[in-house]
Amino acid sequence: MSNTFSKNNVKKIKQISLSLATNEDVLSWSNGVVSKPETINYKTYKPEKDGLFDEIIFGPVTDFKCPICFTKYKKSDENTICKRTTSCEKIQPKILPKISRRSRMGHIALNNPVVHFWFFKINHSTISKLLGLKVAGSNKPVTKSDLEKIIYYKSHIVLETGGLKSLQKNTIIDINDAADIYAGALEEILEFNKDNKDGYEEILDTLNDLKEYAASKTGQDYGIDFYEYNEIIEEYSQAKIGTGSKAIEYLLKNIDLEKESKEIQDEIDTINDQNKYEISSSEALKRNKLYKRLAIIKSFLKSGQKPENLLIYNLPVIPADLRPLVQLDGGRHSTSDINELYRRIIIRNNRLEKWYESDAPVLIKQNEFRMLQEAVDALIDNSRKKPGPVTSKDGHPFKSISDALVGKKGRFRQNLLGKRVDYSGRSVIVVGPHLKMYQVGIPRDMAAKLFEPWIINRIMKEEEGINSVKAAKKLVDSLNPIIWPYVEQVLENRPVLLNRAPTLHRLSIQAFQPVLIRGKAIKIHPLVTTAFNADFDGDQMAVHVPISKAAVREAQELMLASKNILGPKDGEPIINPSQDIILGLYYLTIEKANQKNEGKFYPSFNEMMLAYENKYINLATRVVLPVSALKKISILQKTDAPYIYSTVGKFILNNAFPRDFDFVFGKRVTEKLTSTNEHGEEVVSLKTKIDTSEHDIKRYVFNYGDNFTAKIKEADVNLPLNKKEIAKIVRNIYEKYVPIVNIEDISQVINKIDKTQLDNLHELCSELKDFNGNKLEDNRIHLELLVRLIKEEFLKIQDQYFAKDEESIFNHKYWELKHYTKLLERVWFRYSNYVSTVLDVIKDLGFKFSTKSGITISMNDIVTSKTTKERIKKAEEETEALKDYFKKGYLTDDERYTLTIKKWSDVKESIEKELKKVVDSNLDNPLFMMLSSGARGTYSNFTQLAGMRGLMNNNTKILKADAENDRVVRSIVEIPVKSSFLDGLTAYEFYSSTHGARKGLTDTALNTAKSGYLTRRLVEVAQGVVIREEDCGSDYGFVVKDIKDTKTNTIIESLQERIEGRFTAVPIYDQNGKLIVKESELITPEIASEIVAKGITKVEIRSVLSCHTRNGLCKKCYGKDLATNRIVNIGEAVGVIAAQSIGEPGTQLTMRTFHTGGVAGGEDITGGFGRLIELIDAYDQPWGTPAEISRHYGKVKKIETQKNKKGKESGQFNISVEYFDEDGNKQTHQYLVKSSQRLRVKQGDEVVAGQKLSEGPIVLNELLESVDTRAVQNYILKEVQKLYRLQGIAIADKYIEIIIRQMLSKISIIDPGDSSFYSGSLVDAFVYQKENGILLSQGKKPAYGVVKIKGAKQTPLLSDSWLAAASYQETAKILVDASIAKRTDNLEGLKENIIIGYKIPAGTNSNFEENGKYNLKEFSSYFPNKYDSTPELKLEEITDENIEEEFDYLKENTISEEEFENLDDDTMYHLETSDEFEDESFGEDDFEYSEE
């Protein structure tokens, strides 16, 4: 489907291609030659004729003014020619607006061609690879630096030998070797010219001069002068020796690309044939060089461009307003650096012309050629220029054209991908506990400024006596009290977007309904802070106003905070109560035995509340109420008993929940488990569950005649609800009340309503279907909810518009379109925000009771354990004993250090366990309440308060060498801090702990920056991955099982978690052959539990890794969208979400920390952020010693210690693996492993290809050589999951799969066959498959290639889109490659479209489904047949013609600056729409709340 809001018949750019500019191109762009280095006249400030700012070339400085006779024309005269004076007739200046100075170009006619700097400097010199010069007769290549010497006129090159044996073609003649080469050449020429008397003498004289000069001191010190000898050689023979750009031009014009291409391909084939099985590094290097040459030659052949276009004959001059000259106060001027660089070129070019005219010596001209070449180089790319960039007087390097493109501040990232936004403000945030979840408090003055145009519109419509924009604006600017009612009206149904930097994931920008508040700070709902990662210690947030209708609808439907309950990374609610709210709810649900008036009966809820308010009972008292008094459907459905008991607090909590939500009875201990640990101590662990009316009602109800008090005394005391339980309840609320009926269906019910129809509303609603196609009559909760909402809103509208008084002017006889629209709008808003309404009630309860509880903490609340001091004393004795052992030589120092650290870690652990018991036995203690409720603090914090602080970090730098050589790195101080904060630290202990504290802060800061960069790289990798179709039809699944840590044999991620929310690839049967789930079915949580319960350990699912959709994914391979808990919609930008989900928690991954200070090596090193980068960037040398992997399927024959030649042990193991080769013969492969590495195999073990033989990280490229891509994908997936899960961060597999799919999406061509590919090229897997499919169908030979793994750093650079690649990194290199290949960008990804200012091809601008979440229509469009008494211009009727007419009218009624100066105030308001009148006060810099 296409979007209702999209503009029709707008001319769209379909693709953008980049090629080399030919000489003709430059002349066709140009409007004249810039021949003078002047800019503007220092007296008149007018641009100089033929200078860099000439008005005739670049356009007028004033709108529609002739640059010669200064006549002012009207807009209607645009593009005509002025003929007022004779000069005008001669020059024929065009009448143009001043904006043309941003687009009109000029050129400088260079007096000598110049080689384009990028093409011999970037990417190891395109020109060098293209020419691939070799010295004739020998195999010596001409290097890149040799070529540069020619370009800068330092050396000469033999272009033609003319039959002279002493000259070899393509030989570079260096100034030091010139004497011998020229002497040989002259002697040969002398032989040929024996008969030519005059010539013979001239040549002989020259030869003698040369020998004499070469032998002299000057000749030996400075080398000889080439030029006169060149002239003689060229005069008397066919030889040709050249230098500089002319020599390069000659070479480029005479290269035969077809012939070169064929020769290179033959050479590559020869290398491949000779090295079928293994290739030496020198041969591989040679082949690589040939691949690169072939790529460039093929680029020129395919694009049909001429190699000589790499030279510049006419240098384009960019438009004048893009390199402005700005007047500063005090008559000074500031100019763009580019003007200075152009001036140097013009000055040198003009001087060269003078040398030509005065017939100067060659040497002088040659020097000028070189200076001209260097000047053009500086203009193109000053920062890369060697020996150093051109600098200004104060020594700063000039910014050249390239510098304006690259980097964060370059054109791409600063102006094209990120722009400053008008209608925005920012301020500090404070908490707004009274707000609804979809509301935000906006300061009044900020709102007045943000919504100024709308407010002015309202005031002019409705306020008497104000009929000019100027007057209305004055009211708004002065914040006149008259405006506030209008501000309120404007804010209705106009959401604003809130953003908190850093924007790590999509929930960092959400929409809210603004509410006006006094003060200067923005008020934020407390529950959305988690999503923004905000707190109220001075954070700031930015506000943006969506302007168009489409933007407003998107904000309301897709971005409203109350609809973004689930976090996209794991599908768990991100709107979880915390801190105060948790403490309040914990306090509210405390249950105690033997309270005053326990077991008392109250006939109603209100009576119970009265007793509570009069302090007869407290919140923890267990009391009895009649079941009927609770009006809870969820209880009435489950029991016939008349009475129910719970605590007062829980009755209050459940009363706040909806009537059909389960009654929550609290947390019950189901069993106590006791076990003994390794120290022989008894450990008690509790198993608990939340009791609800769904399953456990029988425990909590009484029958007639029961003794309430006695029965309650016997009952167990339930535990209060902590953070985890409340999170479960929130999840439950979400699942129960999230909308399941779409707006289209609700509108059909409303369509049938009129005054009489309300009676059968129940029947109409029960016919509705949910998203699974089931009728609503099966889902009572939603049926009742919809009926209630429609009824309530219907009656409100009746009361508002249909007055009881028949004569009333407000009395509408019939329902019209606006009434239906309003009803749908209100019902849909309440229905889709119902979850947030319930959560708001929970929030209010939490705050209320945390206030009422009056919980405070003091020093006396810190309870200590009596055994702490004894444990520390015992540990001190044991560490002393270790020192003794070391002195006696039983231990090495490293072993002693490691054991000491282990001892202190154990002591701290035992103290923590002891204190945990203390906490569990004192649950009334306010400090422990905070701890056990999960409101704040952890057991480890409390251990530091009451037990001991423990071991501290040291400032040892951990080096890669330590990891590789398995040194014990002493990154922990071995003397711990033995005091707790309660005791107070000694001076030494305080000093010792400062380092660790600072390290923590610096690590976090560094980590945040690295994590941000990682997210950026991942987004670049996956930005184009969007859900494009329903089903790609892939029959190739992905087999998943539990992800286990093979070392500890613990499950990292269970099968159930991995398959839930995915589609099956094949039918799944249990052991008895009974079908559990069909093929291509969604695995729901229930099905997933059933599969695991039936003992199935492997499941084949549809996966991102085997999806056949090009440039995206299909719904079946992706599965469930975690943020909505539904099957994903077409148009969802899953690539970006995947990147955000992996990058956002990146900050929480620890840096490389050594946990127990244990032995460096093994698992310690491979944790954390560094390892994640290693995997995602596919490092060839990971940290530590890489694992040795088996290359074959075979058996470990023997493992022995390797000995050197002298028979001594060399410190390595030799593992012999026996396997069968392709011909079935037995072979043995030897693997060498360091003896310090732990082995993972033993003698006699069967091994498979890719299996680890020793501990350590696997090098991905090595793994890919020995196994298929599936195994590599599995390995990366497992490793990344391991990193996150060990830190307690859950991320869905599918996100990591998307990144892996992109990393393995390129194929390196080895044999091109009959395809259009060439050897060594990297092509996209989809392109490769398509091309091969076509070749096979035509009976031709297909191409053969191998999959290559590319890290996240390189993947974006290999993108099909050159715009996306150039805006990422290495801009110049990408543009060079794209231009020689004449690459075309089809604008398929998100980034390319942002760059050229189009909507991204995702979301509401994609090909979405009819009833998908992106099909956003105006509410009124759901009622096409309803009567509308207010005819307006409908959206479809606003065509481009209408808009054009409007603009033409505005432009014609525009006046000149001079007339403008003489206007009086009364005339001013007519100008408000004119494009000449630029209202300064709304400019970006003056905007009071503008971004940054």
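Easy rule for this one: first residue shown is 1, then count along the chain.
Backbone N, Cα and C define each Cβ position, glycine as well.
Feature annotation (Swiss-Prot): of 993-1012, 1473-1492, the stretch labelled region 'Disordered' is 1473-1492. Neighbour density at the Cβ, taken as the number of other Cβ atoms within 10 Å, is lowest among the binding-site residues Cys1114, Cys1117 for Cys1114.
When the neighbouring Cβ atoms lying within 10 Å are counted for each of the binding-site residues (Cys1032, Cys1107), the highest count belongs to Cys1107. In sequence order, Ile429, Ala534, Phe536, Gly538 are the same-chain residues whose CB sits within 8 A of the CB centroid of Asp535, Asp537, Asp539, the residues recorded for Mg(2+) being left out.
Cβ atoms within 8 Å of the centroid of the Cβ atoms of Cys1032, Cys1107, Cys1114, Cys1117 (the Zn(2+) site) belong to the same-chain residues Glu1029, Asp1031, Ser1034, Arg1102, Val1104, Ser1106, His1108, Thr1109, Leu1113, Lys1115, Lys1116, Tyr1118, site residues excluded.
Here Asp535 (Mg(2+) binding site) is positioned 44 angstrom away from Cys1032 (Zn(2+) binding site), judged by their C-alpha atoms. Summary: among the binding-site residues (Asp535, Asp537, Asp539), the fewest other C-beta atoms within 10 A of the C-beta are counted at Asp537. The two recorded residues Cys1114 (Zn(2+) binding site) and Asp537 (Mg(2+) binding site) have their Cα atoms spaced 44 Å from each other. Cys1117 (Zn(2+) binding site) is 38 Å away from Asp535 (Mg(2+) binding site) when you measure Cα to Cα. Note: the CA-CA distance between Cys1117 (Zn(2+) binding site) and Asp539 (Mg(2+) binding site) rounds to 40 Å. A coil conformation is recorded for Asp535 (Mg(2+) binding site) in the three-state DSSP classification, outside any helix or strand.
In this structure, the CA atom of Cys1107 (Zn(2+) binding site) is 46 Å away from the CA atom of Asp537 (Mg(2+) binding site). According to its DSSP assignment, Cys1114 (Zn(2+) binding site) is in a strand.
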